[in-house]
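Record features, source TrEMBL:
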type	residues	note
DOMAIN	B:1-125	domain 'Proliferating cell nuclear antigen PCNA N-terminal'
DOMAIN	B:127-254	domain 'Proliferating cell nuclear antigen PCNA C-terminal'
Amino acid sequence: MLELRLVQGSLLKKVLESIKDLVNDANFDCSSTGFSLQAMDSSHVALVALLLRSEGFEHYRCDRNMSMGMNLGNMSKMLKCAGNDDIITIKGDDGSDTVTFMFESPTQDKIADFEMKLMDIDSEHLGIPEAEYHAIVRMPSAEFARICKDLASIGDTVVISVTKEGVKFSTRGDIGTANIVLRQNTTVDKPEDATVIEMNEPVSLTFALRYMNSFTKATPLSNTVTISLSSDLPVVVEYKIAEMGYVRFYLAPKIEEDEDETKPET
Amino acid sequence: MLELRLVQGSLLKKVLESIKDLVNDANFDCSSTGFSLQAMDSSHVALVALLLRSEGFEHYRCDRNMSMGMNLGNMSKMLKCAGNDDIITIKGDDGSDTVTFMFESPTQDKIADFEMKLMDIDSEHLGIPEAEYHAIVRMPSAEFARICKDLASIGDTVVISVTKEGVKFSTRGDIGTANIVLRQNTTVDKPEDATVIEMNEPVSLTFALRYMNSFTKATPLSNTVTISLSSDLPVVVEYKIAEMGYVRFYLAPKIEEDEDETKPET
Amino acid sequence: MLELRLVQGSLLKKVLESIKDLVNDANFDCSSTGFSLQAMDSSHVALVALLLRSEGFEHYRCDRNMSMGMNLGNMSKMLKCAGNDDIITIKGDDGSDTVTFMFESPTQDKIADFEMKLMDIDSEHLGIPEAEYHAIVRMPSAEFARICKDLASIGDTVVISVTKEGVKFSTRGDIGTANIVLRQNTTVDKPEDATVIEMNEPVSLTFALRYMNSFTKATPLSNTVTISLSSDLPVVVEYKIAEMGYVRFYLAPKIEEDEDETKPET
């Protein structure tokens with residue numbers, strides 16, 4: 001039996017909005033430590049990893065590990081029916097082919113039960129090793145979303161280049177080129193407005209803007225985003241979820257053969 | 001001759017918005033007691049009844065009973081040209097084939113006259129007898145609108161069930177089921193936030209959500225909605241209009257043959 | 001070499017939004033006195049004239065006259081990437097086939113360079129003589145926009161008639177007619193709310209609402225609009241740009257042969 005009570009139900013609504021366009025169907029895994037998900041996007045290019053730790057729930061009961069296959073579009077339809085101040089409880093029974101989302105209004109005058117059919121989904125759980133990154137950029141999530149949206153009006157890919165002084169986002173398209181430079185800036189009034197760069201060595205990597213823009217759907221989850229880059233690893237774009245977990249997006253860099261820095265392969 | 005001057009012209013704008021999607025053409029009836037309308041929706045399933053009592057107008061002159069056939073889409077186009085603070089005057093002459101809507105800005109610096117062609121519309125006026133209802137639910141209109149919209153994302157029909165403790169709205173669709181329960185609640189800060197149930201006997205009736213959602217277009221007219229239910233009568237969904245009248249929607253329940261409570265017809 | 005630094009960069013964003021739907025491609029002309037544009041709309045009916053005087057720029061360097069052909073849709077895409085508080089600098093080199101727009105955030109933490117390809121555009125510069133107008137109406141720009149939008153829901157053309165008492169906007173369509181009268185009104189709290197009429201002789205002219213509505217895209221540039229009318233000249237619809245210039249739209253009146261005031265041509 002499973003019963004997970006989340007007082008700040010709006011978090012779960014935001015989590016679904018952040019991943020439902022990228023992933024159609026996925027298994028949610030419940031264990032004593034938390035509620036998690038790992039899934040490839042439908043074109044098998046990007047990977048999403050979600051974790052909501054058990055400590056973040058007001059009540060967390062998970063008698064034994066369960067994996068529940070859900071259609072994220074349908075789940076999102078149901079969660080949209082929860083008010084932003086509602087308490088959300090996820091309920092499941094062993095062997096049942098349904099999951100129930102219960103929404104309680106703060107005054108307890110309105111109680112809704114939404115029961116959704118579960119699906120059988122084949123999935124393999126990838127081990128994601130902890131890695132050392134060449135550069136880690138922490139910046140305001142709204143600024144990152146703005147930059148990805150702006151660049152997508154000019155080109156299809158973004159080159160992210162990190163030096164000690166700052167991070168540069170560049171693109172090129174039919175109508176011209178664009179370069180946006182953010183300087184490292186830690187002397188701000190609010191810590192979430194800072195742009196902080198931890199760099200071991202400079203990196204310059206190219207990514208599809210379509211995926212980056214998809215990742216920024218998670219912007220409402222957190223004021224800051226962390227972008228971890230290495231020349232031989234997928235980028236990690238991470239949004240922390242309050243005190244209880246994260247949504248992480250992984251995307252492999254594009255190999256651009258016509259870039260100046262590319263050496264001939266002879 | 002007809003001259004009806006409504007200081008709070010935005011009321012008439014909201015009335016039109018609430019019924020124009022349901023009814024294409026209708027006769028507005030003017031008499032010494034008020035300005036009214038009764039019309040079936042275009043698929044002849046739902047009935048709309050509107051009353052604006054003469055006392056609610058700053059000036060009300062109606063020399064003899066008149067019936068004016070109007071296209072509600074066109075009328076709505078014209079009323080949208082009135083500012084929300086404008087005074088609206090409806091003017092008509094006996095035997096004329098037009099009606100004039102005059103909009104005066106509060107400062108009187110802007111005066112607009114919109115003249116609309118009238119239509120000949122056959123209509124029969126149905127007598128709607130006063131009836132006793134098994135249960136009457138009064139609730140916040142925005143809550144009712146939210147529930148109808150939410151359930152329509154899951155299913156096509158809503159079962160409304162009233163007991164002394166509360167009212168339950170249920171639906172069922174391909175992706176699952178939903179039940180929303182509102183408890184009777186009269187101890188609220190603002191009277192319009194109350195959910196009040198008057199019940200003679202329990203009822204459980206099924207309605208098409210498409211129509212219910214159409215009725216909720218009247219939500220801006222009133223903070224509360226009253227839903228009157230009897231097992232052998234159409235439901236009445238009523239929105240009061242300030243001190244001067246109402247918009248009422250009537251809809252016959254669906255007969256669900258596969259419901260548990262349905263008795264065999266032998 | 002060209003370098004024009006505009007502290008209130010949002011002005012340039014608004015200028016582009018006001019003309020990009022009317023004109024596809026146009027030459028921007030730079031001289032020591034200012035940055036200007038003159039172009040016919042794509043159907044060669046309306047004329048747009050823009051002037052930003054050099055004094056309005058924080059820094060204005062233009063070594064010799066330059067004409068830069070730009071696609072306004074592409075330019076608008078790039079300017080949309082500037083923040084509303086950004087400083088915008090336009091940079092060009094003699095003989096270069098590109099122009100660069102630089103956007104600096106107020107804190108200087110974010111610097112963007114957008115480089116756009118220039119085009120060769122044939123254009124003839126029309127001399128627009130200063131003229132005497134029969135009537136000049138100055139009114140709130142939002143009110144003018146509202147009237148044009150409202151009338152377009154009823155008809156295709158607007159008759160603008162000016163007398164000493166006021167200005168009347170009329171239209172006629174399939175569903176009826178509309179007349180909106182604004183009275184001269186100079187006793188207002190804020191000067192930009194005034195409707196002021198300077199009249200030498202009464203005029204009554206007919207224009208296509210489609211173009212008028214297009215001109216009102218410039219409404220965010222100024223709280224007031226000035227409409228200059230003469231029976232034998234195109235109307236001028238002018239929006240002032242802060243202290244530094246204007247956008248002016250010119251449109252020839254329609255000749256309505258079935259109007260009462262039209263004399264037979266024998």
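Any Cβ shown, glycine's included, is placed from N, Cα and C.
Note that the coordinates shown come from a computational prediction; the quantities given were computed from them, not determined experimentally.
Averaged over the domain 'Proliferating cell nuclear antigen PCNA C-terminal' (B:127-254), the predicted model reaches a pLDDT of 95. Counting residues per DSSP class in helix, strand and coil order gives 21 helix, 58 strand, 46 coil for the domain 'Proliferating cell nuclear antigen PCNA N-terminal' (B:1-125). Counting residues of the domain 'Proliferating cell nuclear antigen PCNA C-terminal' (B:127-254) by DSSP class, helix then strand then coil, yields 28 helix, 61 strand, 39 coil.
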